[in-house]
Ligand code: UD1
Ligand code: CA
């Protein structure tokens, strides 16, 4: 929308995180905090979005790419100083500017819209989003006059005893008349406990010069949680997880225990799929309808069809089609394609392999760099010997082949259509179609040996 702008503050180091990773890049449900904020802001179709970067500027830019413009704040002199750095994009423009913090990952587009709505309806010069915190420690406090107007915001470190008792907090999200904002920023001083230029001081300056200041009090504190340390990070993770799980449940997914189900923002799940506890689904993953996932499974960057069962297993960067049964205790490694009706049983590892429909690898096998046809039966303990210490080689097993238990298939090698490999074989040469191959030493029985 024209004449509406956003500034996202993300230049701070985040000392309280005690981390070598810059604060706003810490992930919540797999996505960096600042990206959660930007993704919500993007839904509002604003004219310009500027992110203020400083600490970790390159990494933040790399993460957000073209989702935002960037202004650099070389020295972190405070949130007012940070906003001032966006002059190159915003100064002199008529319109409304929304300011948000990159460390409030739960804020939603709906709440920001409501804030803009109130700001424009009341024709305020500034509108602050406030919330009631059970424990307001660390937040700026909203100080109202006798008529309930917001007169100023006092930072925790600058607050007196009375002010510390206030539970209404500054969420760090605001709307401003853009021209008034840039005029007022120059009046902000840094004579406070932290020696910083505080953006919330703009509110007091405007109030004292009789400009209209509004406040929009959300009743949803969770959404405004500011993450300054790892304790808050774990709370944000929980709130975000609950939000994501609720979305899926509303869409028809059964989640047996939402407290123990971890689904990232980017994941899609079809209806009537049941997710059992201890399951982590992340990255660009899509799961079809009527599946059963978990317990204790991890699926990342994978596509799963309909009616597929994945129990106690790990699936990474792979595709599994309809009605397959995976696990318990299977490991599907990257670049695997598992067609419909396939069974991959316990203690089977599949890597960079295609397994055709109706095939079975039921127990204790390693299938790597293989192309397996349809309706193949791979017996217990079969190994595709794909690596010679230098290079990986292909094993081809054609349709309807039967591989006996405990076979080694030394790649490169091909097992033809409808052929059988006898149990215990070490296959080093191709097996033609329709044949039986036995590649093991003959059994010798020494009669009466133990009578001696
Ligand atoms: C800030 C608010 C506080 C509010 C809280 C809500 C100020 C002075 N205080 O406190 O009233 O209750 O957020 O979560 O604004 N940043 C910069 N440049 C700077 C300083 C900060 O870009 O020079 C960025 C940080 O990266 C962060 C955001 O601004 O994303 C807020 O800074 P932070 O230091 O976390 O402020 P709080 O103490 O949480
Ligand atoms: Ca903060």
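Cβ coordinates are placed from backbone N, Cα and C, and glycine is handled just like the others.
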Annotated companion of 386, 387, 440 at the acetyl-CoA site, TrEMBL, chosen from 330, 401, 423: 423
Spatial neighbours of the region 'Linker' (231-251) far in sequence, C-beta under 8 Å, 6+ residues away: 17, 26, 28-29, 33, 36, 105-106, 222-223, 225, 258, 261-265, 267, 269, 271, 275
Lowest local Cβ density (other Cβ within 10 Å) among binding-site residues: 78, 140: 78
Cβ neighbours within the same chain of residue 387 (acetyl-CoA binding site) - under 8 Å, at least six residues apart: 368, 393
Fewest other Cβ within 10 angstroms of its own Cβ, chosen from the recorded positions 23, 333, 363, 440: 440
Of 103, 228, 363, 423, 440, i.e. the recorded positions, those within 10 Å of residue 170 (UDP-N-acetyl-alpha-D-glucosamine binding site) when Cα atoms are compared: none
